[in-house]
Amino acid sequence: MAKTIQAIRGMNDCSPTESPLWQWIEAQVRQVLNNYGYSEVRMPVVESTPLFARAIGEVTDVVSKEMYTFWDNDEQLTLRPEGTAGCVRAAIEHGWIYNNEQRLWYMGPMFRHERPQKGRYRQFHQAGVEVFGIANPEIDAELIMLTYRLWKALGIDQHVTLQLNSIGSLEARANYRSALVGFLENHQDLMSDEEKDRLVKNPLRILDTKNPELQKVLDNAPKLLDYLDDESREHFEQLCSLLDAVGIQYEINPKLVRGLDYYNKTVFEWVTSALGAQGTVCGGGRYDGLVEQLGGHATPSIGFAMGLERLVLLVQEVNPNVPVKSAVDIYVVYQGKGATLAAFELAEKVRSELPHLNTMLHCSGGNFKKQFKRADKSGATLALVIGESEVQNKQVVIKHLQGGADQQTLDLVNVIDYIQTQF
Ligand code: HAM
């Protein structure tokens with residue numbers, strides 16, 4: 001036998017038994033986003049490399065070590081590691097945000113060359129939202145309310161908590177950065193080489209270090225919230241009072257800075273303790289400077305993205321009885337003279353008249369016993385049975401595959417009405 005070829009490490013297949021849960025989760029996401037009046041956009045999975053370097057920041061982990069980059073003749077291209085940069089690029093390029101507000105969403109694969117583990121993959125899927133043209137904190141609150149509604153729809157709202165912070169204006173952050181570096185310089189003995197490197201290139205990222213000794217020291221470090229400019233402080237206070245008013249609980253986490261450089265003012269993450277180390281299911285924030293930085297007109301912007309693999313894992317963990325519909329509702333079995341054509345006609349009629357039901361025709365021959373085994377395995381509720389006598393009498397036998405109801409023989413003309421009463 002020829003040698004088999006395996007999938008790339010950290011890139012997963014979605015099996016026929018897993019896909020119904022994925023589809024259910026994706027349907028909940030779409031439902032909630034449509035409910036709030038957001039519009040779907042679709043961008044390419046490949047963009048020119050400088051887009052990500054400029055938007056996400058050269059010194060971030062994503063850009064400095066995790067991008068899948070290749071040359072296409074003399075142009076350097078990258079598999080998108082996230083969706084915000086491409087969405088902003090498209091919004092500027094097509095004038096979607098020229099004198100116009102936009103509430104947009106997207107869903108699809110992203111690529112980061114990270115060390116794979118549970119909840120962290122090299123190809124993963126995000127559902128993301130980007131809102132352009134709205135500066136005030138109502139929209140920050142709307143995004144958080146929207147995600148909370150989704151957690152309730154997915155049955156995971158008791159297992160996620162909201163972490164919130166404001167990282168202020170560029171200027172406030174620069175002041176804070178100097179204060180933090182001043183403080184941390186006295187604690188370099190506790191730092192790994194990578195952390196020392198961060199101290200020079202991206203000191204705010206040290207705030208989310210996993211190093212327990214450094215974490216302890218950071219409890220006494222200057223707090224970003226104390227360095228906020230007045231406008232950011234007011235914005236944050238208004239957001240907090242809106243969340244209080246609608247009853248959404250949050251924890252202010254002064255160490256939350258996020259891993260991408262484009263943020264300012266509000267940043268947030270929804271985290272769970274049910275998934276081990278990879279507990280952030282959703283993260284986002286404001287990025288009021290990015291549109292201008294990428295060549296558009298200054299446009300206030302905010303967004304977030306959630307990791308669909310992590311949501312799938314969390315739903316499986318805490319809500320294993322989600323009402324995932326079987327892929328097949330009705331299974332048609334048939335045998336004998338004239339039965340094949342009659343079965344094809346019947347299956348097509350059911351599909352035309354009851355398009356909300358999924359109907360599978362057996363197709364692979366064999367006796368009734370073998371066919372019923374397949375029908376059971378399909379998870380269908382009803383089997384429609386056609387043998388020679390049914391063909392002659394223009395009838396169909398209905399067998400209930402779930403539960404113990406007796407089988408029935410019906411005239412062909414009454415079959416559709418009967419099926420309708422069963423679902
Ligand atoms: P991010 O925090 O890098 O933000 O990613 C958002 C979410 O994607 C994470 O919270 C996590 O659930 C999921 N995720 C990230 N990396 C992986 C991975 N390697 N494997 C599995 N899941 C992963 C962004 O991407 C921003 N673009 C979000 C945003 C939109 N901010 C403003 N607008």
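The count begins at 1 with the first shown residue.
The backbone N, Cα and C atoms fix where each Cβ goes, and this holds for glycine too.
Residues annotated as domain 'Aminoacyl-transfer RNA synthetases class-II family profile' in TrEMBL: 25-323.
For Y263 (L-histidine binding site), the same-chain residues that are 6 or more apart in sequence and have a Cβ closer than 8 Å to its Cβ are I167, V257, G285, R286, Y287. For E82, G83, T84, R112, Q126, E130, R258, Y262, Y263, the entry in TrEMBL reads L-histidine binding site.
In this structure, the binding-site residues under consideration are T84, Q126, and the one with the smallest number of other Cβ atoms within 10 Å of its Cβ is Q126. Within the set E82, G83, T84, R112, Q126, E130, R258, Y262, Y263 that the record links to L-histidine, no two Cα atoms are more than 21 Å apart, and one pair reaches that distance. For ligand 1, the nearby binding-site residues are E82, Q126; that is, of E82, Q126, Y263, these have a C-beta under 6 Å from one of its atoms.
Using a 10 Å Cβ-Cβ cutoff, E82 (L-histidine binding site) registers 19 neighbours.
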